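Undergrad: Here it is, the structure in full.
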Amino acid sequence: MFTVMTRQPCEQAGFRALSRTPAIVTLVVLLVSIVVLVTLTLIQIRHPQVLPPGLKYGVVLDAGSSRTTVYVYQWPAEKENNTGVVSQTFRCSVKGSGISSYENNPQDAPKAFEDCILKVKEQVPEHLHGSTRIYLGATAGMRLLRLQNETAAREVLESIQSYFKSQPFDFRGAQIISGQEEGVYGWITANYIMGNFLEKNLWHMWVHPHGVDTTGALDLGGASTQISFVAGEKMEPNASDTVQVSLYGYTYTLYTHSFQCYGQNEAEKKFLAMLLQSPSTEANISNPCYPQGYSTAFTLGHVFGSLCTEKQRPESYNSSKSVTFMGTGDPRLCREKVASVFDFNACQEQDACSFDGIYQPKVQGPFVAFAGFYYTASALNLSGSFSLTSFNDSSWDFCRHTWSELPALLSRFDETYARSYCFSAHYIYHLLVNGYKFTEETWPQIRFEKEVGNSSIAWSLGYMLSLTNQIPAGSPLIHLPIQPPVFMGVLAFFTAIALLCLAFLLYLCSSFRTKERSENAFDQAVDSD
């Protein structure tokens, strides 16, 4: 009698199969593949790095009455309470006059931009050209041209639009902004770069500064001037000069007014027109605001061709007729005559009134005066804040200098500006003191500035800040430890290895089960014999 040992076929066959070298190697490879797959998946899921979405760029062309300036701004693509934290990175002055001077040849207007736009392309990373928005805002010069010749104004803008459509940037149009918009954007710029909206705390996070008052803005251009500030007193209901501004989660109620035809250049034309109206039998006209020893000839078209002076045209107006102005350098008479540029009587002793019958609440708090205000003060060797007495003394002293003395007095001599600084000084006095009602006590609260840090004080930055409210924020970028294509490739490779190993092991197990059954059948046959 034989005793037959029983065994589980699959277990014994599987054990014998797995005990052999190929099976062991395959099993090890399978386990390693599974470990690699699990490890890579956990790393990819649990350790992603969230990166900020990078920088965005914007370009604004400030098309003023006398020149065009190109500004490049950048800001983080994520936003602080829906407004981008914008900084100026580049500034370029376009050669030539303002775009309104191309009234008779609008097709030539864009040609002057080419040098600056070429530099802008270098400043903005090439891969961002297509997403960089570019805007052109035209101010008082074009506002006057539109009133005078709407067709010419439209053709100038169309020529510019056609030019920028051929550029790689995302051009968003050329438009004429209103005087009120110019005032608001200038106020936004001044307060932004002075840190009145945002500041960095100890953790380098942007926060709203506690207890900081806003700063009023005084802008003096070539064809208009703007005043903007948050009034301390309650303003007249439904006042057309009241604007609400929302930035960085806060809302400000702002008084702002733009005086068309009261920019430096247009105001001086009004002054020259007034001098021409004075009865005189002399061939030459005395100008107390021009330096002694200086004379220049203008055509009547230069003086009276503007919309601001057409009402002062003489009956026998001949635009090509020339008239010579002789400088006498008389500061007292200059100040006296410059007052006639304004209509102070229209306010009729009203306290809340500036000039020409325009409503204005009482000025209060600090102000920053920029553009023409700054350049005139700089010519008088003044900057920052100073007393009204200092301004008057410097004005009187400057106006007494002869024309031959001015080149040594000015750091940068240009005939057009040099001859007009005396007029501008007395004009600013009347505008700020008799117009806006600044006094001996409040005058020192005005700071005459060109820029703060690396940012120019101009309406263009405020314009860009307002536009970032409308530009979608960038989405955060998820930076994975392994790039998705690489991860998917590695995942597919080790998954395939694991499946092949598993299939091979199943094959070995199946083969040995078949062999074991054959051996059992053979053993039984032998036993029966």
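For all residues, glycine too, the Cβ spot is worked out from N, Cα and C.
A quick note: this is a predicted structure, and the numbers were derived from the prediction, not measured.
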Undergrad: Which one, Cys261, Cys289, Cys308, Cys501, is listed by Swiss-Prot as the other cysteine in the disulfide with Cys334?
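TA: Partner cysteine, according to Swiss-Prot: Cys289.
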Undergrad: Determine the Cβ neighbour count for Asn318 (N-linked glycosylation site): the number of other Cβ atoms within 10 Å of its Cβ.
TA: 11
Undergrad: Going by C-alpha distance, which of the recorded positions Glu182, Ser224, Gln226, Asn381, Asn392 is nearest to Asn149 (N-linked glycosylation site)?
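TA: For Asn149 (N-linked glycosylation site), the closest Cα among Glu182, Ser224, Gln226, Asn381, Asn392 is found at Ser224.
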Undergrad: In the structure shown, which of the disulfide-bonded residues Cys92, Cys289, Cys334, Cys399 has the fewest other Cβ atoms within 10 Å?
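TA: So among Cys92, Cys289, Cys334, Cys399, the disulfide-bonded residues given, the one with the fewest Cβ atoms within 10 Å is Cys92.
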Undergrad: Ranked by the number of other Cβ atoms within 10 Å of their own Cβ, which of the recorded positions Asn149, Thr225, Asn284, Asn381, Asn392 ranks first?
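TA: Sorting the candidates by Cβ neighbours within 10 Å, the top entry is Thr225.
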Undergrad: Considering Cα atoms only, can you say which of Ser224, Cys261, Cys353, Asn381, Cys422 is the nearest neighbour of Cys334 (disulfide bond) among these recorded positions?
TA: Cys422
Undergrad: If you average pLDDT over the topological domain 'Extracellular' (44-485), what do you get?
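TA: 89, rounded to a whole number.
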Undergrad: Could you say which of the disulfide-bonded residues Cys261, Cys308, Cys347, Cys353 has its Cβ with the most other Cβ atoms inside 10 Å?
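TA: When each Cβ's neighbours within 10 Å are tallied, Cys308 tops the list.
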Undergrad: May I ask which residues of the same chain, at least 6 positions away in sequence, place their Cβ under 8 angstroms from the Cβ of Glu182 (active site, proton acceptor)?
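TA: Long-range Cβ contacts: Thr139, Ala140, Asp219, Ser224, Gln226, Ser258, Trp459.
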